[in-house]
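Engineer: I have a structure I would like to understand better, so I am pasting it below and will then ask my questions one at a time.
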Amino acid sequence: MSAWPEDVGIIAMEIIFPAQYVDQTELEQYDGVSAGKYTVGLGQKKMGFCNDREDINSLCLTVVENLLTRYRVKPQEIGRLEVGTETIIDKSKSVKTVLMQLFEPHGVTDLEGIDTTNACYGGTAALFNAINWVESSSWNGRYALVVAADIAVYAKGPARPTGGTGAVAMLVGPNAPLVVDRGLRGSFFKHAYDFYKPDLTSEYPVVDGKLSIQCYLEALDKCYQLYCQKAEKLLQKPVSIESFDGILFHTPYCKLVQKSVGRLALNDFVREGKPELQSGSEKFANIQLKDSYFDRDVEKAFLGVSNAAYLQRTLPSLLIAANIGNMYTASLYGGLVSYIVSRSLENLVDNRVAMFSYGSGLASSFYSISIRNNAALQTLKKNLSYVEPLLEKRAKVAPEKFEATLELRQKGAHKVPYEPVGDISHFFPGTYFLTKIDEQHRRVYDRNSKTITNGHS
């Protein structure tokens with residue numbers, strides 16, 4: 001291509017989530033824990049989950065089909081397709097190749113990209129790869145399509161209420177409304193056993209809860225500091241949390257995100273001596289970030305300092321996370337969808353939105369998006385108007401049935417031949433679902449006969 005493509009970023013977004021949920025207040029009572037443990041302590045309201053009719057392939061088939069339909073994008077217009085996921089049901093065959101069923105009938109087989117995996121970071125890695133492709137000599141003038149999707153389930157115990165399920169598809173190309181700021185990215189990678197999935201016969205991870213939080217906060221510190229250094233050099237002005245209109249995070253649970261805004265305020269304080277604390281700031285004068293991960297006094301002080309920023313810049317991004325739960329790779333991008341649907345068009349234009357992506361093990365990046373005022377932004381905003389009504393259309397399921405469903409999924413994991421027994425009557429229009437797994441582990445899918453239409457569901 002002779003010209004360098006301008007304003008490369010996200011042009012279109014689609015999100016899907018399960019048509020059923022369990023209420024976190026009811027789950028508290030069922031689990032026999034203190035009232036508020038999940039709702040206040042974790043900041044969660046509802047948790048979406050799948051029965052044995054949905055798997056990672058069906059989620060991705062649904063979200064890609066829905067995006068192509070809603071935005072009237074022809075399969076021939078896609079030149080790259082990459083899936084970020086940590087929900088692995090095959091150690092060799094990628095989810096991307098399963099999605100080729102949507103493209104082959106249209107003669108589209110020249111479609112680069114496969115799957116990208118590292119805990120919750122895969123979606124961001126896939127997005128970066130898509131942007132790099134569009135900005136490279138490999139670009140053929142077509143769009144890239146990025147899919148971030150996961151089914152997050154835990155063994156019975158304290159981590160189970162932090163589950164969730166969802167998928168986000170993103171169309172990437174030039175002249176986008178959500179432009180990924182070029183040259184403004186800070187990353188941090190290291191070896192850690194904070195959360196991992198070594199048991200390939202189970203959907204459940206091994207989790208070191210305390211280490212996971214420490215790793216998340218350390219990664220946030222390192223990425224933010226590096227981002228600020230690059231941004232201050234490029235923009236020739238100081239950068240702090242006040243520099244952003246939105247501050248979005250990978251969201252294992254909402255309470256951690258609120259604490260993370262405080263963590264950024266602490267970073268600003270250490271870097272610049274600001275924001276000024278009302279009183280008592282002298283006792284934090286010599287604070288070392290690495291010694292403060294679990295310092296309650298520091299956490300409380302900077303939660304207070306950052307509360308206004310949290311309410312204005314971050315809370316609008318937590319609609320999906322609070323009502324569905326942790327969607328792993330899709331979590332940060334569900335936050336971006338939430339931010340867009342929660343703010344008016346006028347209050348989105350010219351925003352700079354900070355994005356922190358974290359995947360255990362660990363991989364992390366802090367980058368930013370600039371929102372442009374163009375026709376594509378209006379289309380994006382209008383086409384996401386289905387999200388809030390769809391959340392309200394979900395069926396509530398009793399905790400007993402939720403637990404039985406997870407047990408059914410665990411027992412059915414990798415069993416062949418397998419005929420799923422889950423109810424499909426409540427599924428949303430256009431949902432792909434599993435009909436059988438044969439003796440050779442080959443999966444067959446069907447689609448809910450009702451389909452979405454352009455701009456509406």
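Note that Cβ sites are derived from N, Cα and C of the backbone, with glycine treated the same way.
Marked as active site, proton donor/acceptor by TrEMBL: Glu86, His250. If you look up TrEMBL, you'll see Cys120 marked as active site, acyl-thioester intermediate. Residues or ranges marked as CoA binding site by TrEMBL: Ser212, Lys255, Lys259. Per TrEMBL, the feature domain 'Hydroxymethylglutaryl-coenzyme A synthase N-terminal' maps to 4-177. Look at TrEMBL and you will find 178-447 tagged as domain 'Hydroxymethylglutaryl-coenzyme A synthase C-terminal'.
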Engineer: Between the recorded positions Cys120, Ser212, His250, Lys259, which lies closest to Glu86 (active site, proton donor/acceptor), Cα to Cα?
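Structural biologist: It is Cys120, whose Cα lies nearest.
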Engineer: Taking all residues of the domain 'Hydroxymethylglutaryl-coenzyme A synthase C-terminal' (178-447) together, what is their mean pLDDT?
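Structural biologist: It averages 95.
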Engineer: For the recorded CoA site formed by Ser212, Lys255, Lys259, name the remaining residues of the chain with Cβ within 8 Å of the site's Cβ center, in chain order.
Structural biologist: Ile213, Tyr216, Pro252, Tyr253, Leu256, Val257, Ser260
Engineer: Could you tell me the maximum Cα-Cα distance in Å between the residues recorded as binding CoA, namely Ser212, Lys255, Lys259, rounded to a whole number?
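Structural biologist: Farthest-apart Cα atoms in Ser212, Lys255, Lys259 are separated by 14 Å.
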Engineer: Measuring Cα to Cα, how many angstrom lie between Lys255 (CoA binding site) and Cys120 (active site, acyl-thioester intermediate)?
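Structural biologist: Between the alpha carbons of Lys255 (CoA binding site) and Cys120 (active site, acyl-thioester intermediate) there are 18 Å.
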Engineer: Rounded to the nearest angstrom, how far is the Cα of Cys120 (active site, acyl-thioester intermediate) from the Cα of His250 (active site, proton donor/acceptor)?
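Structural biologist: Given the Cα positions, His250 (active site, proton donor/acceptor) is 8 Å from Cys120 (active site, acyl-thioester intermediate).
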Engineer: Taking every protein chain shown into account, which of the recorded positions His250, Lys255, Lys259 has the largest tally of Cβ atoms within 10 Å of its Cβ?
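Structural biologist: Its Cβ has the most other Cβ atoms within 10 Å: His250.
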Engineer: Please name the residue among the recorded positions Glu86, Cys120, Ser212 whose C-beta has the most neighbouring C-beta atoms within 10 angstroms.
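Structural biologist: Result for the most crowded candidate: Cys120.
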Engineer: Determine, to the nearest whole angstrom, how far the Cα atom of Lys259 (CoA binding site) is from the Cα atom of the residue listed as 'active site, acyl-thioester intermediate'.
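Structural biologist: That comes out at 19 Å between the alpha carbons.
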